[in-house]
Amino acid sequence: MADPHQFFDDTSSAPSRGYGGQPSPGSLGYPTSSSEAAFLAAPMSNMAMAYGSSLAAQGKELVDKNIDRFIPVSKLKYYFAVDTVYVGKKLGLLVFPYLHQDWEVQYQQDTPVAPRFDINAPDLYIPAMAFITYILVAGLALGTQDRFSPDLLGLQASSALAWLTLEVVAILLSLYLVTVNTDLTTIDLVAFLGYKYVGMIGGVLTGLLFGKIGYYLVLAWCCVSIFVFMIRTLRLKILAQAAAEGVPVRGARNQLRMYLTMAVAAAQPVLMYWLTFHLVR
């Protein structure tokens, strides 16, 4: 107990704060609280975050420029602007194109409307999904025949891609040689040529269920349907442009364009059979 007559507290047992004592952590020997340390560290962290955000923005801009240079991402979005109603109607058009009358693509201010608003507009959703489904169905067919192997399935996929690439290159070269001025783009060609996978899937599945007779019947129907679809679609892209240019209908150049349209349409059934006949036994 402290002495009531003592005027000062005894501090001899307390740690010395003179010259021999250790200074408290902090600048100039003065103690620094945690709030002060956070205040000093905040500007540095904010600068680092701002610098990192600036680098990320610059990198994103650089990547977007390089991607758009080689892959038109903005244009690809148009070809995937579909919905369930469009997909159903388009599949029906590919299988039953005979009753369809209006094949003109709709435009709005010189820009084609999105595929979900126009059944005649080309899209990449159905060709992409059909190609993947075709590979899966081919694997199923090979598995039911005890011939499945990853190498054989990869060969099937690479063969289909190689034929598609060859078709696109051949058509572009033919359009250049015939000097056709058309708004038909490379992506449009990939879309139109990719629609044949729908009929190939139907033929192979029917062959797995009902044998070769079912395969040939369904494939023959789908081949005729895709031929009619391609004729009626491509003639508006190739022949209509010639009519707008004032080329005579019976002129030599217009005849070449008609032969080119017929050749592209006739090649679809041949490739449909070539890529599927070995999957049904």
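Note: Cβ is positioned from N, Cα and C throughout, glycine not excepted.
The feature region 'Disordered' is assigned by TrEMBL to 1-31. Feature annotation from TrEMBL assigns transmembrane segment to 124-143, 155-177, 189-210, 216-235, 256-275.
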Dominant neighbour of the transmembrane segment (155-177) in 124-143, 189-210, 216-235, 256-275, by Cβ pairs under 8 Å: 256-275
In terms of Cβ proximity under 8 Å, which residues at least six beyond the ends of the transmembrane segment (189-210) contact it? 79, 91, 94-95, 122-124, 126-128, 130-131, 133-134, 137-138, 140-141, 144, 160, 164, 167-168, 171-172, 217-219, 221-223, 225-226, 229-230, 233-234, 268, 271-272, 275-276, 279-280
Other same-chain positions with a Cβ less than 8 Å from the transmembrane segment (256-275) and lying at least 6 residues past its termini are 156, 159-160, 163, 167, 171, 174-175, 178, 180, 193, 196, 199-200, 203, 219, 222-224, 226-227, 230-231, 234-235, 238-239, 242
